[in-house]
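Swiss-Prot annotations:
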type: ACT_SITE; residues: S152; note: active site, proton donor
type: ACT_SITE; residues: S153; note: active site, proton donor
type: ACT_SITE; residues: Y167; note: active site, proton acceptor
type: ACT_SITE; residues: K171; note: active site, lowers pKa of active site Tyr
type: BINDING; residues: I22, D70, N99, Y167, K171, T203; note: NADP(+) binding site
Amino acid sequence: MTQAPWSLARKTAIVTGGSRGIGRAIAIHLTCKGLSKLAITYISNLAAAESTLDECRKNGLGMGIAIKADLLDPNIGHGLVQQALAGLETPTIDILVNNAAYLDPSEAASVEELTLPVFQKVMQANAFAPISIISATMPHLPVSGGRVINISSAAAKLANPGPVMTYGASKAALDSFTRSLAAEFATDKAATFNTVCVGPTVTDGFHVVGKLYPEGFMEELAKAFTAAQRVGMPQDIAFIVGFLAGEEARWVNGACMSANGGFREVLPALS
């Protein structure tokens, strides 16, 4: 029987930052589509990661593991991928979702106060780390049909205020790398490389950024500047990732898909 194009049966995935928020929603949704094996990463909360895997198992996940991984580890790519391959007892990674990101409000500063160490930390975590993971995954992609999906941000398309400026630049760098990877490796690897450009979404990161502004600012911003007049939910993003992960998205490559409910500030940047 031919497998339905939306099905992820018999496929294996890595989802970074899968213990909570968008990453958790992505992990759960992929298993709703039949994903067989899954590795998720966490930074400190193993219990949250195991909770995600428990939900995934309810959806029929055959094998799932949680891997502690730090985006600031210069060897994150090799270490993570080797642990995933061994733990899932597989030679192949069909789907890679780079969702984990870094933004520390205690270090956020205006451009006049920006220091090289802070700049390097944000760029390493949000640009180098996902590229390192992709590089380590490439030899283990399937002969055809591999999927690499990077979670980006509407901040990559905007002129951002000082505290978010470096974060936005790091995500713009990730977008650029993704387009280049699609151009460079789509033929050789028969894989797709795409980003999902996420607007205001209710996650821990959303609340972290919210601390940089007056109380309620982020919620009111989303209502005022989003056509949907609400803040996004993690599942909204997971649905788009689920599409990109499947055969249905085989003709989408090098794209940055907007997932922002019609965020008006971003719309001119996409034209």
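Glycine is treated like the rest: Cβ placed from N, Cα and C.
Rounded to a whole number, the distance between the Cα atoms of S152 (active site, proton donor) and K171 (active site, lowers pKa of active site Tyr) is 6 Å. DSSP assigns T203 (NADP(+) binding site) to coil in the three-state reduction, placing it in neither a helix nor a strand.
N99 (NADP(+) binding site) falls outside any helix or strand according to DSSP and counts as coil. Cα separation, I22 (NADP(+) binding site) to S152 (active site, proton donor), rounded: 12 Å.
Here NADP(+) is bound by I22, D70, N99, Y167, K171, T203 per the record. The longest Cα to Cα distance in that group is 19 Å. When the C-alpha distances from N99 (NADP(+) binding site) to the active-site residues S152, S153, Y167 are tabulated, the minimum falls on S152.
Taking a C-beta cut-off of under 8 angstroms and a sequence separation of 6 or more, S153 (active site, proton donor) has the following same-chain neighbours: A101, Y167, G168, K171, C197, V198. If you draw a 10 Å sphere around the CB of Y167 (active site, proton acceptor), it holds 24 other CB atoms from the protein chains shown.
Note: the Cα of T203 (NADP(+) binding site) and the Cα of S152 (active site, proton donor) are spaced 14 Å from each other. For the recorded positions D70, S152, the ranking by surrounding Cβ atoms (within 10 Å, all protein chains) places S152 first.
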